[in-house]
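Asker: Residues or ranges marked as domain 'Metallo-beta-lactamase' in TrEMBL: B:31-224. Sequence annotations record features per position, and here TrEMBL assigns Ca(2+) binding site to B:Gly58, B:Asp60, B:Asp451. Annotation source TrEMBL lists Zn(2+) binding site at B:His83, B:His85, B:Asp87, B:His88, B:His150, B:Asp172, B:His398. Sequence annotations record features per position, and here TrEMBL assigns active site, proton donor to B:Asp204. According to TrEMBL, the feature substrate binding site maps to B:Ala241, B:Ser242, B:His243, B:His372, B:Val373, B:Ser374, B:Gly375, B:His376. According to TrEMBL, the active site, proton acceptor annotation covers B:His376.
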Protein chains: 2
Amino acid sequence: MSHPHPELGAPPPLPKNGVRVVALGGLGEVGRNMTVLEFDGRLLVVDCGVLFPDDHPGVDLILPDFDYLRDRLDDIEAIVLTHGHEDHIGAVPYLLRLKPDIPLIGSTLTLALIEAKLKEHRITPYTMGVKEGGREKLGPFDCEFVAVNHSIPDALAVFVRTPGGTLLITGDFKMDQLPLDGRITDLRAFARLGEEGVDLFLTDSTNAEVPGFTTPEKDITPAIERVFAKAERRIIVACFASHVHRVQQILNAAEAHGRKVAMVGRSMVRNMGIAADLGYLKIPDGILVDAKKLGDLRDDQVVLICTGSQGEPMAALSRMANRDHQIDVGHGDTVLMASSLIPGNENAIYRVINGLMRLGANVVHKGNALVHVSGHASAGELLYCYNIVKPRNVMPIHGEWRHLVANRDLAVATGVPERNVLLAEDGVVVDLVDGQASITGVVPCGYVYVDGSLVGATDETMLKDRRILRDEGFVTIIVVRDSSTGKIVAGPDIRTRGFAEDTDVFDKVVPKIEDALEEARRKGVNDSHQLQQVIRRAVGGFVGGKLRRRPMIIPIVIDA
Amino acid sequence: MSHPHPELGAPPPLPKNGVRVVALGGLGEVGRNMTVLEFDGRLLVVDCGVLFPDDHPGVDLILPDFDYLRDRLDDIEAIVLTHGHEDHIGAVPYLLRLKPDIPLIGSTLTLALIEAKLKEHRITPYTMGVKEGGREKLGPFDCEFVAVNHSIPDALAVFVRTPGGTLLITGDFKMDQLPLDGRITDLRAFARLGEEGVDLFLTDSTNAEVPGFTTPEKDITPAIERVFAKAERRIIVACFASHVHRVQQILNAAEAHGRKVAMVGRSMVRNMGIAADLGYLKIPDGILVDAKKLGDLRDDQVVLICTGSQGEPMAALSRMANRDHQIDVGHGDTVLMASSLIPGNENAIYRVINGLMRLGANVVHKGNALVHVSGHASAGELLYCYNIVKPRNVMPIHGEWRHLVANRDLAVATGVPERNVLLAEDGVVVDLVDGQASITGVVPCGYVYVDGSLVGATDETMLKDRRILRDEGFVTIIVVRDSSTGKIVAGPDIRTRGFAEDTDVFDKVVPKIEDALEEARRKGVNDSHQLQQVIRRAVGGFVGGKLRRRPMIIPIVIDA
């Protein structure tokens, strides 16, 4: 991964009145958002999320790199969580494992979601609930919280006042002016803070490339209504397990059409339960039924809300498409995939759509109906923000490089001087001193892989090995030597998996190995490592030449 | 993969006056198109292409399943090739390997492209060149060829007259009314054939889900013009190595702006060379330069046309993004990705876009400019075809299930009775008898994998192994027994790759293996396979329980 600032080295010491900002995730990728502020030796962490792998074989999650904090854990005042999405809270358990008493600051729903996640990790955190309009002093960081509208309720932006300067961090946001829950992004607060003076504005870059304005959530309602009006039999809705407002729209439609609703999928049931308990989701009385009891109802009285909108193989919807679920999807059923299509998931999603259609279902998705809108501000909304806030400096966050660049262009277009818009990436150090922000250095910041229960044990070498195994399989060649005489007493014994071979190819290579070993013996080569190399060359030359393949070759010489 | 017609068995014998149609590829997937017509014991193959893998580890290509033809190779009259794209000609070498003298029928450019490909396989085919308006009798199949417009020149539709009925096969097509080469899809011929009577219409389903009309190729010209007008330094254009018209647009723009052009990438150079030799590509005199000589020119006099538009790691554009190419992309260069984004390739393509932008290039792609249009008819064009041809029966081809269904819906909307529109998949047998087409059975039809130089050696078991290796790696445990006494004389020797482990985890498992083997010995278990199972259980229980991982476990007991 080429570094954008190869000329940078370690940053100089932070001046006493300077504010340092380092992203440990979220810049250069969409995921694992984590920003660390520093003032006067104290640290404030904003968000701590995970990234889901796309080409990392066998990896479950990718975390931000906590190395930067490892010797400074006691300097951390708190972790501020802007909202409850996985790419903002998913890595909190791994950070708290290092120091469990770091307080978590967030809104009611956000804290409820992270507490549920931490319970699974057997961690009980210190928390402080905050609301929009609230203000908390966390060491030298005087934090004021502002409501923002997003695709999960109770999301916050945070304005941080320090003696060295002020920062406004949007978190993830959009600006639906008639949102379903009435909770708009508080632009008047942005205006007020802009009047006071925002030295550094950190803004969500996800949709900066998209011209215009993000479609309002309520524009989806007619499409949902049409689905419910036309559906002959069951309605199965797949959406994100955190999308409370989408589920609300489904519940409302179900009630209007006299249908009962069952939720399927552990995370869906859990998150919607939390949202309902806290009042963010209004469930009409008696509308929910147990998924197991659906058989008692007529098909046209049934709605299922389930996971699997991204074609995840183990989730409910995929299993329905593969006829591997108690719900037997068939002709006349309608499947509504009310979610986005995250880049990278296209093939998995289309596999599910094709599978459901083959079973006879009518599938409605964002490719053929307006059934999902983004949770992020487009270029139009971002321009409003830059013009209202009129920040001194801007640091685009939350996006791949192309998104950060597009966001930078918007800021510059509204009049922010180009040198005041910092294009940083993970690990790049931005210092705000006397009202001027600039890039002053870079700290090491890599990918940390979670694999099963192991954190950090998988590295690039391991992934490289796995890619070879995936593409080519392996061949092991075992030779047993008599430890006293050095003579070969068993083998070459050849085992292979994942390696396509003619049945007789190994008959052909055995004599080559024997010849090579005999020649080595004559030359007096005795060291087992060198003999392993002899075997490797004999086999590699053979499979590479004859079969044009490059399996992993593992020669093993055992002394018995 | 669930079968759409589980009730079907082997088809009955074909009536003497019946025409049988079996797709061996291309239905249910976008790729490996191959349709086999049969009349009176003779076969006509239409197209023979490859499918590129998306979740098939280590597989290079996926072929149609030739099993249906294996005992009937002598019955094949010819292979008609509608156009020169890989998903229509890529599998021809593998079919000709079975019987090299099957004649290939196609247009001039199509034959030139397949001949070049066959040369690499050291096969010299029998060919017969045909043109639009031409007519050839191939056994009982009286074939008339019709010009169609597509994203490669010289594409043909084929009208097949047999005593049992007539079939019109569109091949891949769209209906640009002002195409850059002036060669429109011959709708008047479609009308004439419709008047004569089309018993079965096989139509390209790729864009059947897309409402309206496919954007014309010439609408791209202004966007290309803007790129050339604004570009400060070099212009690098990535597009498909077969897109002659796109390359023509680039050459025209380069000439207008006084720039020289170099082509980079083996397939690009080869295909454009063939197209130029045959007159399909008009190269302005003196405009081409060798890529190695670009250094002699000023940056603003340079255009490169290269491969890699799909983010392919080994192709030129990716390597430029990774600074692994002689062309050093930098600030002020413009990269124009003038191609589609094939589903599944998003992450690879965005990786390349981000990489190029980090190097300072301005990247123009279909996400931010009108620089590519599809090669396939949308719903609007397909409706024209159904209304002009007025076929008796329709068989949607060339698409995933959702595309075939959408195409079916269009045919039915224009008045074709629903029972006359056959939704088939690969292997499903459609018989046309006395003007009525119907599904009569199914023949085995699977995926055939090409892996290096091996065809068909990789199967689902192998892929399953590779997926386990990719996700979890493997552990081999080797134990050497004295063949006379049965005592263990070496091992357990544990080797692992791709498996994330704590450094001491194997120290912990060795005693467990030894204990398990000792207990087996006491119970009198001697058979090496049973001992391998004992080892497998001991290791599997340990890594599954402690590490929550499931590597491939390969226990090996060697008798020395």
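Note: Cβ is positioned from N, Cα and C throughout, glycine not excepted.
All TrEMBL annotations are machine predictions without curation.
Model, not experiment: these values are computed from the prediction.
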Asker: List which of the binding-site residues B:Gly58, B:Asp87, B:Ala241 have a Cβ under 8 Å from any Cβ of chain A, in sequence order, or say none.
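Answerer: Among the binding-site residues B:Gly58, B:Asp87, B:Ala241, the ones whose Cβ sits under 8 Å from a Cβ of chain A are B:Gly58.
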Asker: Please report the distance from the Cα of B:Asp451 (Ca(2+) binding site) to the Cα of B:His85 (Zn(2+) binding site), rounded to the nearest angstrom.
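Answerer: With the alpha carbons as reference points, the distance is 21 Å.
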Asker: What is the nearest of the recorded positions B:Gly58, B:Asp60, B:His83, B:His88, B:Asp204 to B:His243 (substrate binding site), using the Cα of each?
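Answerer: It is B:His83, whose Cα lies nearest.
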Asker: Determine the most Cβ-crowded residue among the binding-site residues B:His88, B:His376, B:His398, using a 10 Å radius around each Cβ and all protein chains in the structure.
Answerer: B:His398
Asker: If you measure B:Ser242 (substrate binding site) to B:His85 (Zn(2+) binding site) at Cα, how many Å is it?
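Answerer: Rounded to a whole number, the Cα-Cα distance is 7 Å.
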Asker: Looking at Cβ-Cβ distances, which residues of the chain lie under 8 angstroms from B:Gly58 (Ca(2+) binding site) while being 6 or more apart from it?
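Answerer: Correct list: B:Asp451, B:Thr458, B:Leu463, B:Arg466.
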Asker: Per the record, substrate is bound by B:Ala241, B:Ser242, B:His243, B:His372, B:Val373, B:Ser374, B:Gly375, B:His376: how many Å separate the farthest pair of Cα atoms?
Answerer: 18
Asker: If one measures from the C-alpha of B:Ser374 (substrate binding site) to the C-alpha of B:His88 (Zn(2+) binding site), what distance in angstrom results, rounded to a whole number?
Answerer: 17
Asker: Can you grab the distance from B:His85 (Zn(2+) binding site) over to B:His376 (substrate binding site)? Cα atoms, rounded to a whole Å.
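Answerer: B:His85 (Zn(2+) binding site) and B:His376 (substrate binding site) have their Cα atoms 13 Å apart.
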Asker: What's the CA to CA span in angstrom from B:His372 (substrate binding site) over to B:His150 (Zn(2+) binding site)?
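Answerer: Computed Cα spacing between B:His372 (substrate binding site) and B:His150 (Zn(2+) binding site) is 13 Å.
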Asker: Using the CB centroid of B:His83, B:His85, B:Asp87, B:His88, B:His150, B:Asp172, B:His398 as the Zn(2+) site centre, which other residues of the same chain sit with their CB within 8 A?
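Answerer: Leaving out the recorded residues gives B:Asn33, B:Asp47, B:Gly49, B:Thr82, B:Ile152, B:Ala155, B:Gly171, B:Asp204, B:Gly375.
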Asker: Using DSSP and collapsing to three states, where does B:His88 (Zn(2+) binding site) fall: helix, strand or coil?
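Answerer: For B:His88 (Zn(2+) binding site) - judged by DSSP and reduced to three states - the answer is helix.
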Asker: Relative to the Cα of B:Gly375 (substrate binding site), which of the binding-site residues B:Asp60, B:His83, B:Asp87, B:His150, B:Asp172 have a Cα no more than 10 Å away?
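Answerer: So the list is B:His150, B:Asp172.
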Asker: Nearest to B:Ala241 (substrate binding site) by Cα, among B:Asp87, B:Asp172, B:Asp204, B:His398 (recorded positions)?
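Answerer: It is B:Asp87, whose Cα lies nearest.
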Asker: Are any of B:Asp60, B:Asp204, B:Val373, B:His376 (the recorded positions) within 10 Å of B:His150 (Zn(2+) binding site) when you go C-alpha to C-alpha, and if so which?
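Answerer: Cα filter at 10 Å returns B:His376.
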Asker: If you measure C-alpha to C-alpha, which of B:Asp60, B:Asp204, B:Val373 (recorded positions) come within 10 angstroms of B:His398 (Zn(2+) binding site)?
Answerer: B:Asp204
Asker: Return only the integer: C-alpha distance in Å from B:His83 (Zn(2+) binding site) to B:Val373 (substrate binding site).
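Answerer: Between the Cα atoms of B:His83 (Zn(2+) binding site) and B:Val373 (substrate binding site), the distance comes to 18 Å.
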Asker: Looking only at C-alpha atoms, tell me how far B:His376 (substrate binding site) is from B:Asp60 (Ca(2+) binding site), rounded to the nearest Å.
Answerer: 26
